[in-house]
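Residues or ranges marked as region 'DHNA' in Swiss-Prot: 1-119. The annotation active site, proton donor/acceptor is assigned in Swiss-Prot to LYS99. The feature region 'HPPK' is assigned by Swiss-Prot to 120-270. Feature annotation from Swiss-Prot assigns ATP binding site to 160-163, 171-173, 192-195, 200-215, 227-233, 238-240. According to Swiss-Prot, the Mg(2+) 1 binding site annotation covers ASP212, ASP214, on the basis of similarity to another entry. According to Swiss-Prot, the feature Mg(2+) 2 binding site maps to ASP212, ASP214, an assignment based on similarity to another entry.
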Amino acid sequence: MDQLQIKDLEMFAYHGLFPSEKELGQKFIVSAILSYDMTKAATDLDLTASVHYGELCQQWTTWFQETSEDLIETVAYKLVERTFESYPLVQEMKLELKKPWAPVHLSLDTCSVTIHRRKQRAFIALGSNMGDKQANLKQAIDKLRARGIHILKESSVLATEPWGGVEQDSFANQVVEVETWLPAQDLLETLLAIESELGRVREVHWGPRLIDLDLLFVEDQILYTDDLILPHPYIAERLFVLESLQEIAPHFIHPILKQPIRNLYDALKK
């Protein structure tokens with residue numbers, strides 16, 4: 001992909017753990033590579049299809065100096081986060097933040113941290129069977145947007161019977177396709193935080209829930225940890241999930257089963 005490179009932008013700020021760093025300040029140096037398609041900007045001379053690097057450098061300087069953080073990791077992360085928010089056309093970003101005056105009391109050229117993030121497509125299943133179910137789904141989607149997660153597509157809302165053997169009210173279910181620069185684990189933590197904010201209490205396994213947010217796919221990632229399994233292990237067993245998925249992404253291929261969603265849906269429906 002095409003790349004814009006910004007190298008060694010110098011800024012003065014008051015980041016650091018030591019009191020002297022927060023009182024006296026020091027020099028920091030930022031370099032970054034931003035990846036996006038430059039075709040429209042190059043052929044149509046359209047600045048809106050590009051990143052105005054002069055404005056971006058000014059924004060970085062403003063953002064960098066408006067707070068005093070203990071860790072350069074925090075500052076670098078915030079620069080990446082706000083750049084993605086301000087420039088939706090950027091698909092990937094690698095940013096290095098150097099701290100050449102780091103107080104280590106040894107001969108040193110610089111210390112630096114590098115944060116590398118790439119936008120990914122993910123699918124999230126939403127469900128609710130308590131209160132105003134459709135309103136709960138809408139609130140969850142609004143909270144995703146508020147966190148900078150771009151909603152690409154929304155399936156229709158389905159009324160479905162509960163899954164898992166616990167007697168309870170029917171569900172309103174939906175699947176959304178999103179674009180996010182958050183890694184899978186961070187995206188999961190975001191979903192759990194939204195559930196908590198909306199009042200979900202985990203008492204009965206597969207029991208009634210005000211809101212349920214399940215991470216189904218993140219691109220073609222296959223992942224198994226104590227906290228997260230990708231793809232979601234029950235996708236091929238849940239007709240309501242497949243029905244919603246095939247509505248918005250029928251040709252998406254399950255990375256383990258190697259079948260498009262529409263085939264999995266047709267097979268389970270039979």
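Along the chain as shown, the residues are counted starting at 1.
Each residue, glycine too, has its Cβ placed from N, Cα and C.
With a 10 A radius on its CB, ALA172 (ATP binding site) counts 19 other CB atoms from all the protein chains. In this structure, ARG209 (ATP binding site) belongs to neither helix nor strand by DSSP; it is coil. Note: the CA-CA distance between ASP212 (Mg(2+) 1 binding site) and GLU195 (ATP binding site) rounds to 7 Å. If you take the Cα of LEU230 (ATP binding site) and the Cα of the residue listed as 'active site, proton donor/acceptor', they are about 37 angstrom apart, rounded to a whole number. On a Cα basis, GLU195 (ATP binding site) lies 38 Å away from the residue listed as 'active site, proton donor/acceptor'.
When Cβ atoms from all protein chains are considered, those within 10 Å of LEU239 (ATP binding site) total 15, not counting its own. The region 'DHNA' (1-119): residue composition by secondary structure is 43 helix, 37 strand, 39 coil, according to DSSP. The Cβ of GLU195 (ATP binding site) has 19 neighbouring Cβ atoms from other residues within 10 Å, across all protein chains displayed. If you take the C-beta of THR160 (ATP binding site) and look for same-chain residues 6 or more apart in sequence within under 8 angstroms, you find SER170, PHE171, ALA172, ASN173, PHE240. In the three-state DSSP classification, LEU239 (ATP binding site) falls within a helix.
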